[in-house]
4 protein chains.
Amino acid sequence: MSDNSFGHLFRVTTWGESHGPAIGCVVDGCPPRIPLSEADIQPFLDRRRPGQSKFTTQRREADQVRILSGVFEGMTTGTPISLFIENTDQRSKDYGDIATRYRPGHADVTYDLKYGHRDYRGGGRSSARETACRVAAGAVARRVLDTLFPHSVLIRAALTRIGDIGIDPAAWNWDEVGRNPLFCPDAGTVPAWETLLGEIRKAGSSIGAVVEVRAEGVLPGLGAPVYGKLDADLAFALMGINGVKGVEIGDGFEVAGLRGEQNADPMRPDPMAPGGIAFDANHAGGVLGGISTGQPVVARFAIKPTSSILTEVASVDRARNAVAVATRGRHDPCVGIRAVPVAEAMMACVLADHALRHRGQIGAF
Amino acid sequence: MSDNSFGHLFRVTTWGESHGPAIGCVVDGCPPRIPLSEADIQPFLDRRRPGQSKFTTQRREADQVRILSGVFEGMTTGTPISLFIENTDQRSKDYGDIATRYRPGHADVTYDLKYGHRDYRGGGRSSARETACRVAAGAVARRVLDTLFPHSVLIRAALTRIGDIGIDPAAWNWDEVGRNPLFCPDAGTVPAWETLLGEIRKAGSSIGAVVEVRAEGVLPGLGAPVYGKLDADLAFALMGINGVKGVEIGDGFEVAGLRGEQNADPMRPDPMAPGGIAFDANHAGGVLGGISTGQPVVARFAIKPTSSILTEVASVDRARNAVAVATRGRHDPCVGIRAVPVAEAMMACVLADHALRHRGQIGAF
Amino acid sequence: MSDNSFGHLFRVTTWGESHGPAIGCVVDGCPPRIPLSEADIQPFLDRRRPGQSKFTTQRREADQVRILSGVFEGMTTGTPISLFIENTDQRSKDYGDIATRYRPGHADVTYDLKYGHRDYRGGGRSSARETACRVAAGAVARRVLDTLFPHSVLIRAALTRIGDIGIDPAAWNWDEVGRNPLFCPDAGTVPAWETLLGEIRKAGSSIGAVVEVRAEGVLPGLGAPVYGKLDADLAFALMGINGVKGVEIGDGFEVAGLRGEQNADPMRPDPMAPGGIAFDANHAGGVLGGISTGQPVVARFAIKPTSSILTEVASVDRARNAVAVATRGRHDPCVGIRAVPVAEAMMACVLADHALRHRGQIGAF
Amino acid sequence: MSDNSFGHLFRVTTWGESHGPAIGCVVDGCPPRIPLSEADIQPFLDRRRPGQSKFTTQRREADQVRILSGVFEGMTTGTPISLFIENTDQRSKDYGDIATRYRPGHADVTYDLKYGHRDYRGGGRSSARETACRVAAGAVARRVLDTLFPHSVLIRAALTRIGDIGIDPAAWNWDEVGRNPLFCPDAGTVPAWETLLGEIRKAGSSIGAVVEVRAEGVLPGLGAPVYGKLDADLAFALMGINGVKGVEIGDGFEVAGLRGEQNADPMRPDPMAPGGIAFDANHAGGVLGGISTGQPVVARFAIKPTSSILTEVASVDRARNAVAVATRGRHDPCVGIRAVPVAEAMMACVLADHALRHRGQIGAF
């Protein structure tokens, strides 16, 4: 058991605080002889990096990753891969007043209640900065999936809602996601989001969002009943992203309103489909009984507005005096934006783990 | 790693198939010297037992639990507790035709794709019958919580929606839950649900539902960042219940539409509150940064309509011929109903596990 | 983490006390489609069963195993295998006086110090009776190895020393092991052992022993540095057998006296050997750097004389009064004898686990 | 599961190769509010550091440890502690010829057989250099023990045999261990060992050794039957040290020759003793039934002569040609020497893990 590790056969352990000297992770269980270099990881970190638009925190981090072990002559060796990212922009004065006052909606208070001592600089361990490690590990996971699966698994995420403004699903275009800084798959929605976020930022407020993540090319058989289900592991992985309060697989909460006939995904023989079976719908989101069907694995999650806002909210300090707290400093008005690459990384890690777990089966791919 | 175990310090391993001779579980990590007998467990199994109303499957199981180990002279010994439930009503002829044909929306196809061999009788391991073991383990978890916490933790669940009919939250009455066979907390909604379910049953169809589960009296400090978060573990536990497609903590998907000021839960000093801090709202559902705040822990999940329906749906058989499948036999028109005691059990197990994990901390309760 | 489970991918959880209604185990992670029935398991239990000669305890247990789950139509399904053995001969009066007095050298005192409550009947959980579950699980592990390895792995153990009387290694004959009730591989030593044991039994005393266990046909590559080493896992498994105080791999403690040239196992090319390499010695006991070499895996362990003796030894009772304790009842004068089938079982379980762990590797067997 | 992690609640994950840029480890599960700085760790690394006498490898490493996370304002925070040690003396030319030729008795061949690709520089991951991480983690474990136990646990190890020359147990003096570079507890034996090692070194040979490690002040109750036994976990930890081939607890292999009366450790009431019980002997080595008794925990292990010798031994290369291999470069003639601080570290880690595991028990210290 380790509170800072996830995955079983593809196992990631992260460490580091927002304003310590560095953050990093150890990826254990990566198979040997997979080509890997920093160049395979850096682009994903660059996508998550803050300061790339006015809608994300202005903290400037190079987020330069170094591989310290587990790779030799350009290939993984099967030994643990240590990934290392220096913290370069820790203006710790920004955060000084939160040492003693708890920000409502933030983990300040619970860390103190649990541990009685915390690194309060920039949120310490509870900072979203930790997710850089997940993104780095996710890049390694993608290389594992590329190796194990005949056709690469395609893992992509997008922002589908900010506040009350959802995208038009009919206008979904994956190419669009990379063209705007909001990871929006619907070009028509971008201007409305920019207007909303501009207003939010000016007001010193923040706003919630919804992210959708999909994996195509996943072979059937991944996931293991009854406590190693693929969808349960995804729920764990996505609910564990900072600020997430809801997770859906496939039709998600919509299924509550459906009848059996509406929810069934009809099947037909298809020699070209994985397992020889094609599906005519995907209400299930690619998972039945906790095992992948071969259809796209589809998940969605809601992320709350960041608790760092300029409006004062009633709170307490460590000595249990009543105080009012407003948060100064650099923050994301919508943390959902930077959660998009994190969502992809978590999907990649969960799939790599389950691919390795399934691989041991007799007759598996 | 074990695909059929969950929890870390309070660890449950379940075994058994729907139509085998028995099902059961091993609870490891239960502390010693906790009074425990079958009488502490049986009432919870009775609540989940099928055949108690016309709205659940007509399979008749005594679901009589036996404790085979780990308890001596009425008290736990700290050694593994083996719980054993015989299967007494396995009319296996009911299920004969699903040996070769996959029911759409069911785990038949994925078990076959993964394992190449499955116990098809009554769904085998994928049957909701396995959840009886969770309920039994949950009863043990409640005894652990009773022992660890000064005032008992109160864990209760209710059905809040069937199909398109939600309850009136303002009419919520926990006492009502035990008075109707649908675990409905709002007496006014019961007739409408009965009418709907009667219609569904006559049509040989099925319908989705939403369950809410709450734990009161949870002390602050349970849950461990960043990959042992209380809410992530709950998401794992609830998403792993048969048929669940979405999980929410606190405000859940609603947070996507909120601003920071709306989502913040204001705090004020209160010497009588856990940790000396009272909250004036609970958008967070009792968890911040993955750690309990001392407020009620609130979770919700959506459960799909069972895939066993009388309407024929296009499918394939093991030989990859096109077939049309309708399911005869005994089924729940709304599996959400019997998921209510299961939800409570999973909440109890997760909390007991985290209570034990936290207990090791210096200065913990 | 589970104190009553061992193995990772082939994972065994045992439960039960000496004088409870039954004992059993759950084997999780056994691959699907392996032929398995009670008949594959029972012979191994019969070998370990007490009461087969005058040199083992006179307790009479049928040790009849039942498979309650995980097998369908004669083949494993990939779901957990529940193995169940009723306790039929629990004359608990034999053990009444140990409820309050601690037997020196026995776990009575430490169980009480740790748990404050224990099932003292027949030693409860600390009884060697629990090892029947290991033997049952080991039989399943053998079936896994038979399936994974091209030529069956041959796992055999023998008693090589009782008290001061060791066997003549030059006279080692595996066939002999099955012909005498002492699992002795050297026919010439049997009479001396029988004389010694007769004398020990008459004196109400007990005696220590050494067991050697070997696995032939193990392919190279099993075991994973640096904390999943095959030899370290074997050391854990064997040291965990009741009464074991020392474990050796290959030359064991002899290596302390060797020089590098004496200890090196020379290699030469051999296309017929596993990995294309033949070894001209096996000081290493088949493991280098924690990974199997393809040579026989050789381990040895020392087991102490059982603490149940008729001679009075100074002790204390639960109330911390000085008492003198002698043990009446049915006991093994040399528990090492019945440890022989247990040793084989532990070797089989460790190898099956590592075979499954290695199998996930790209390019593995 | 993680092949490069050990421990459960006090969990250490190590990474790094002999000639990579750095090595390190992540310690997860260290309780919060324990004073910790580099100064608590460095002295133990200094003891293990090579190049301190002519009897250890002449590689010169500063082995300067840095704490990168998990400590704030001089105290642990409960978050993962990342320890980082740069590699500064990697003269990789020394090792060039082992890229293609397997050194007999070394892990070269098994790493290649398992992974098909390895970092051969200096042994890569199989190098004893990795044990520096264990020593660093062990220093943190000591701080945990200091905090949990009323009187500090005293963990000490010594070399008790080199080749055929054992120490005189009657002359054992712990103070002496720190006065000579061979960690010898018997001043009278040092000259004979120096002569022997001088001869070995001149001959380009190597020699085996025995190390004993003891922990005093361990409270009763540590260790958990039946697969979390303290002695089994110690056996795992010590057998996993590079080159170890045998492990003993208490009397070890001597018990095979004992009768029950000789092996029993008599007990008597003693209000000052842990648990109110004093023992008049310690054949058991402080562990009964896998649980600590309160007596000193005593373990011993044999370590083989390093396989790096100047004498040519028959071997094969990667292409399966016959070759003869002699090892040039810097090596320890007796790796047992530097295993002494490693033994203490492993003991500390195992005890800290079990102390935390036990601490959760109701009524525990």
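Every residue number used here counts from 1 along the chain in the order it is shown.
Cβ from N, Cα, C; glycine included.
These come from TrEMBL:
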BINDING   A:Arg48, A:Lys54  NADP(+) binding site
BINDING   A:Arg125, A:Ser126, A:Ser127, A:Asn242, A:Gly243, A:Gly289, A:Lys304, A:Pro305, A:Thr306, A:Ser307, A:Ser308, A:Arg330  FMN binding site
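Here the features listed in TrEMBL are placed on the structure.
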residue	record	DSSP (3 states)
A:Arg48	NADP(+) binding site	helix
A:Lys54	NADP(+) binding site	coil
A:Arg125	FMN binding site	helix
A:Gly243	FMN binding site	coil
A:Lys304	FMN binding site	coil
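Shown are the binding-site residues A:Ser127, A:Thr306; of these, the residue with the fewest other Cβ atoms within 10 Å is A:Ser127. Taking only the Cα positions, the spacing between A:Lys54 (NADP(+) binding site) and A:Lys304 (FMN binding site) is 19 angstrom. Listed in sequence order, A:Gly16, A:Glu17, A:Ser18, A:Tyr111, A:Arg118, A:Asp119 are the same-chain residues six or more apart from A:Arg125 (FMN binding site) with CB atoms under 8 A from its CB. Proximity to chain B, defined as a CB-CB distance below 8 A, holds for A:Arg125, A:Lys304, A:Thr306 out of the binding-site residues A:Arg125, A:Ser127, A:Lys304, A:Thr306. Each of the binding-site residues A:Arg48, A:Lys54, A:Lys304 was scored by how many other Cβ atoms lie within 10 Å of its Cβ, and the smallest score goes to A:Lys54. Over all protein chains present, the Cβ of A:Ser308 (FMN binding site) has 24 other Cβ atoms lying within 10 Å. Proximity of A:Gly243 (FMN binding site) to non-local residues of its own chain (separation of 6 or more, Cβ distance below 8 Å) is seen for A:Ala128, A:Ile303, A:Lys304, A:Thr306, A:Val335, A:Gly336, A:Ala339, given in sequence order. Checking the binding-site residues A:Lys54, A:Arg125, A:Ser127, A:Ser308 against chain D with a Cβ-Cβ cut-off under 8 Å leaves A:Arg125, in sequence order. The separation of A:Ser308 (FMN binding site) from A:Arg48 (NADP(+) binding site), Cα to Cα, is 19 Å.
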